[in-house]
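Each remark here refers to the structure printed beneath this line.
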Amino acid sequence: MLNQTSVTEFLLLGVTDIQVLQPVLFVIFLATYIVNVAGNAAILMVVISDPRLHSPMYFFLGNLSCLDICYSMVTLPKMLENFLSTHKAISFLGCISQLHFFHFLGSTESMLLAVMGFDRFVAICKPLRYPLIMSHWVCVQMAITVWIIGFFHALLHSVMTSRLNFCGSNHIHHLFCDVKPLLELACGNTELNEWLLNTVTGTFAVGPFFLTLLSYSYIIIYLFFKTRSCSMLHKALSTCVSHFMVVVLFYAPVVFTYIRPATGSSVEQEWIIAIMYSVVTPVLNPMIYTLRNKEVKGALRRATSRRF
């Protein structure tokens, strides 16, 4: 149940209050939004329709593309609306909902990237047992599990934040509703919320990242001692490059936002980081996988040729 509060809506101040720049930013962010949805939808389409991509690696890639589409839909439509509006308001319930889905999709993606790293580990280090370990039913169970855990992790933050009192300013110095900006506006004690944000969200950020690094460490060690050949090592690791680039793009801004100390950071830095992980990263993910992956590029060409 939501706590009683005198604030019924929040004002998202956004990137800048210079009116001349608002239409320019609208065009830039709209183009980014279209590229994001189109790119990830194309990958999702070929993963579903092309039988050659019906493997665990591309099953999880399809989940990642679905997450990136939803991720941008949580924040970008409201940002685009605010660029063209003088009253940049979002209701209290709308703000909590945006916070919930933002953390739901973000934490789900962090765990999914760890699962994708484990998939590469099994494929390279245990190739004979790969079909058994990563069967279709096991992959479905793993995907469902990370989606469910992500949902309840976000539910914890949204419920705890909704129970706070907001009795002062309703101006959020951010692009969208997130836990940290809302805690700055809350009246009363927010120590428990801050502890949950630093500890729980920190664990969701560091834990999967550590597991991903562990998977790649095992892969490198295994290949080095098994092949003792730089060319073979490079050939095997080439299948992991796209995933590792996505991992770096995702975790760098997340760790900078939720792990580092809150003091000593400017509002401009917060905005840049927020744009990186909510706008830029979902756009770059399909580009990385289409440019680096021959099978995805081939599937896209086949899908295009069938249509035309």
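Along the chain as shown, the residues are counted starting at 1.
Note that Cβ sites are derived from N, Cα and C of the backbone, with glycine treated the same way.
Annotation comment: TrEMBL describes 20-46 (among others) as transmembrane segment.
The domain 'G-protein coupled receptors family 1 profile' feature in TrEMBL is assigned to 39-289. The average pLDDT the prediction assigns to the domain 'G-protein coupled receptors family 1 profile' (39-289) is 85.
Within the chain carrying the transmembrane segment (100-118), a Cβ under 8 angstroms from the stretch's Cβ atoms is held by residues 57, 60-61, 63-64, 67-68, 70-71, 74-75, 142-143, 146-147, 149-151, 153-155, 157-158, 176-179, 201, 204-205, 207-209, 211-212, 215-216, 243, 246-247, 250-251, 254, 277-278, all 6 or more beyond its ends. The feature transmembrane segment is assigned by TrEMBL to 100-118 (among others).
Positions annotated as transmembrane segment by TrEMBL: 130-156 (among others).
Annotation comment: TrEMBL describes 204-225 (among others) as transmembrane segment.
According to TrEMBL, the feature transmembrane segment maps to 237-259 (among others).
Nonlocal intrachain contacts for the transmembrane segment (271-291), taken as residues 6+ away from its ends with a CB within less than 8 angstroms of a stretch CB, comprise 15, 29, 32, 35-36, 39-40, 42-43, 61, 64-65, 68-69, 71-72, 75-76, 102, 106, 174-176, 178, 242, 245-246, 249-250, 252-254, 256-257, 297, 300. What TrEMBL lists as transmembrane segment is 271-291 (among others).
Same-chain neighbours of the transmembrane segment (20-46): 53, 61-62, 65-66, 68-69, 72-73, 76-77, 79-80, 83-84, 279-280, 282-283, 285-287, 289-290, 296, 299-300, 302-303, counting only residues six or more beyond its ends whose CB sits under 8 Å from a CB of the stretch.
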